[in-house]
Amino acid sequence: MAAAPGARLLRAACASVPFRGLDRCRLLVCGTGAGTAISPWTPSPRLHAEAGPGRPLSVSARARSSSEDKITVHFKNRDGETLTTKGKIGDSLLDVVIENNLDIDGFGACEGTLACSTCHLIFEDHIYEKLDAITDEENDMLDLAFGLTDRSRLGCQVCLTKAMDNMTVRVPEAVADVRQSVDMSKNS
């Protein structure tokens with residue numbers, strides 16, 4: 001089976017970064033559809049690797065964005081305020097929050113490594129039913145989240161599609177960071 005574009009580069013990049021344990025090198029594959037295994041050998045329109053906190057590695061050149069490549073996303077924060085921004089098709093909702101510097105305290109504390117549930121979001125019914133299937137790892141983290149609903153997902157695991165244009169996602173009033181057992185309530 002042929003390797004995905006950039007897979008060889010990904011393996012080399014992860015191997016060349018000094019850190020303890022290869023388990024800290026993760027691969028986020030967006031836009032591949034439900035049931036896709038996350039692996040450097042999976043063909044994907046977008047590959048992004050990370051080697052530990054604060055060590056992003058680009059393994060493929062991102063296409064230049066045009067206004068057609070972006071959609072509008074509305075985040076309803078803990079105070080009920082709606083934050084409206086644009087996000088690139090294929091980016092995760094965590095990427096959107098970070099790249100647009102949205103004021104959502106504590107959101108994505110683990111930087112998308114599935115080690116916390118601080119990017120917990122609640123989706124509208126018509127959007128939730130179109131999302132890719134949830135993985136066991138994401139489900140395990142969601143079990144630890146405050147305010148869990150039947151429409152809850154982690155923002156680091158949901159990638160934008162055109163069908164999500166103008167969606168509204170709600171940030172729960174309280175968040176649990178399982179790494180520190182910290183409650184960041186509405187006051188944050």
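Placement of Cβ uses the backbone N, Cα and C atoms for every residue, glycine included.
Of the listed residues (Lys70, Lys130), Swiss-Prot tags Lys70 with N6-acetyllysine; the rest carry no such note in the record, though that does not show they lack it.
Among the binding-site residues Cys110, Cys116, Cys119, the residue whose Cα lies closest in space to that of Lys70 (N6-succinyllysine) is Cys119. Note: the CA-CA distance between Lys162 (N6-succinyllysine) and Cys156 ([2Fe-2S] cluster binding site) rounds to 18 Å. Figure note: comparing Cβ neighbours within 10 Å for the binding-site residues Cys110, Cys116, Cys119, the maximum is reached by Cys119. Neighbouring residues of the recorded [2Fe-2S] cluster site, listed in sequence order and excluding Cys110, Cys116, Cys119, Cys156, comprise Leu94, Gly108, Ala109, Glu111, Gly112, Thr113, Leu114, Ala115, Ser117, Thr118, Met141, Leu154, Gly155 (Cβ within 8 Å of the Cβ centroid).
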